[in-house]
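Before any comments, here is the structure.
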Amino acid sequence: MQSNKAFNLEKQNHTPRKHHQHHHQQHHQQQQQQQQQQPPPPIPANGQQASSQNEGLTIDLKNFRKPGEKTFTQRSRLFVGNLPPDITEEEMRKLFEKYGKAGEVFIHKDKGFGFIRLETRTLAEIAKVELDNMPLRGKQLRVRFACHSASLTVRNLPQYVSNELLEEAFSVFGQVERAVVIVDDRGRPSGKGIVEFSGKPAARKALDRCSEGSFLLTTFPRPVTVEPMDQLDDEEGLPEKLVIKNQQFHKEREQPPRFAQPGSFEYEYAMRWKALIEMEKQQQDQVDRNIKEAREKLEMEMEAARHEHQVMLMRQDLMRRQEELRRMEELHNQEVQKRKQLELRQEEERRRREEEMRRQQEEMMRRQQEGFKGTFPDAREQEIRMGQMAMGGAMGINNRGAMPPAPVPPGTPAPPGPATMMPDGTLGLTPPTTERFGQAATMEGIGAIGGTPPAFNRPAPGAEFAPNKRRRY
């Protein structure tokens, strides 16, 4: 655990020491001596600082993490130079454990430098301020932010591209750690942006793909241009102690900063340099104006071409819909024709079945009529048969009348015949009763047409009726 007093002292001295680092070497050395006299004891890796017995303030290093900030990124990676040749990775971690858990530690012992990655950018800034120029085994440590080798500069960004959209667009190439759209002091987009990947392969892939193709971020058809980001140090700059003190250095430093006197040698060439710089500025402005006019002209042509393209697309869509409508109409007509043909076939089949049924009914009726005629002869045929039977019966009676009657034993009933049916022995037209018809049916020769019927026998003597009784017909 660390004393909170020493930590707050270093935070208070952060800005003044950084301000006087380039201009007041003596004040910087005094602060360095204070650091040596009061070295900050390390704190555990859990990220908390417990106060001493006199002070009850506790600082949680997790509070230095911004909302939504990613941890252990390239932005929190520090370069540590002037390391002792015998330093170990464990000593390196122990040196930075005050600022939280370290994610990556690399040491190049032969060249005396290394890299370490902390959790957040804020913790890395605090570690850089406190450990820079700190003596370690006779050497002063040099702590800087490591160059982000996987960062790209994106130009020609459309107006309505935000940080989130830029990150989403470039995340197709790999994991993006940070994406920022650069704006001016009023918050207006400048058309430039920065994209930082977690590794070099993703940055190389994005650079190659965007160089070969046209990567569009919005509906505005202007592709973005991608190039490696220039690694510039705009925080520390070039301190006096890092300037190489060679012969040219001493020659340049012979005179202090001043204004050139008119009419002097240096004034004449200073004015010529100034004219050259002005001409460069004018030409650059002219180039910028030409580029601006060309961009405006291209945008106008693009709008006209876009309108024409939209009209063409609408025409194509209309033609496609008309073709689709015509095809649907043809399909509908074909379906109607098929339905009509099916109905005609069904109607023809129904008529054929009805005709077949009608023919079958007529055939059945004809057969029934023929069968009726064969079983029951008509009235004319029946009348002719009856006439023939009557004529045959009369002829038989006349023939048998000349012959003597056969003797009949007493008590024998008279045989059925016309004598028992009619009193005069003639055949009447009235049909006989069932009993007598049955008796007549037993006679021989009645059933054959044109055959000779048997003769009627004379009645027996006992069959005579009384004088007062009439014979029953």
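From the backbone N, Cα and C atoms, a Cβ is placed for every residue, glycine too.
Here Swiss-Prot flags LYS5 (among others) as SUMO2 cross-link, drawing on similarity to another entry.
Residues or ranges marked as compositional bias 'Low complexity' by Swiss-Prot: 28-37.
Per Swiss-Prot, the feature SUMO2 cross-link maps to LYS62 (among others); the stated evidence is similarity to another entry.
Per Swiss-Prot, the feature domain 'RRM 1' maps to 76-143.
LYS98 (SUMO2 cross-link): 21 other CB atoms within 10 A of its CB, across all protein chains. DSSP assigns LYS98 (SUMO2 cross-link) to a helix in the three-state reduction. Annotation source Swiss-Prot lists SUMO2 cross-link at LYS98 (among others).
Around the Cβ of LYS101 (SUMO2 cross-link), a 10 Å sphere holds 17 further Cβ atoms from the protein chains shown. According to Swiss-Prot, the SUMO2 cross-link annotation covers LYS101 (among others), on the basis of similarity to another entry.
Of all Cβ atoms in the protein chains displayed, 20 besides its own lie within 10 Å of the Cβ of LYS128 (SUMO2 cross-link). Reduced to three states, the DSSP call for LYS128 (SUMO2 cross-link) is helix. Annotation source Swiss-Prot lists SUMO2 cross-link at LYS128 (among others).
Annotation source Swiss-Prot lists domain 'RRM 2' at 150-231.
For LYS192 (SUMO2 cross-link), the Cβ neighbour count at a 10 Å cut-off comes to 15, with all displayed protein chains included. Among the features that Swiss-Prot reports, SUMO2 cross-link is placed at LYS192 (among others).
What Swiss-Prot records for LYS200 (among others) is SUMO2 cross-link, and it gives similarity to another entry as the kind of evidence. When Cβ atoms from all protein chains are considered, those within 10 Å of LYS200 (SUMO2 cross-link) total 11, not counting its own.
The SUMO2 cross-link annotation in Swiss-Prot covers LYS245 (among others) and is backed by similarity to another entry. Annotation for LYS245 (SUMO2 cross-link): no spatial neighbours, criterion Cβ-Cβ under 8 Å with sequence separation of six or more. Mapped onto three states, the DSSP output places LYS245 (SUMO2 cross-link) in coil.
DSSP assigns LYS251 (SUMO2 cross-link) to a helix in the three-state reduction. The SUMO2 cross-link annotation in Swiss-Prot covers LYS251 (among others).
According to Swiss-Prot, the feature SUMO2 cross-link maps to LYS373 (among others).
The annotation phosphothreonine is assigned in Swiss-Prot to THR430 (among others).
If you look up Swiss-Prot, you'll see THR442 (among others) marked as phosphothreonine, on the strength of similarity to another entry.
Sequence annotations record features per position, and here Swiss-Prot assigns phosphothreonine to THR452 (among others).
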LYS192 (SUMO2 cross-link): secondary structure state under DSSP, collapsed to three categories: strand
Structural state of LYS200 (SUMO2 cross-link), classified by DSSP into three states: helix
Candidates LYS98, LYS101, LYS200, LYS251 (recorded sites) - the one closest to LYS128 (SUMO2 cross-link) by CA: LYS98
For the domain 'RRM 1' (76-143), residues assigned helix / strand / coil by DSSP: 23 helix, 21 strand, 24 coil
Candidate nearest LYS200 (SUMO2 cross-link) in space, where candidates are the recorded sites LYS98, LYS101, LYS192, LYS251 and distance is Cα-Cα: LYS192
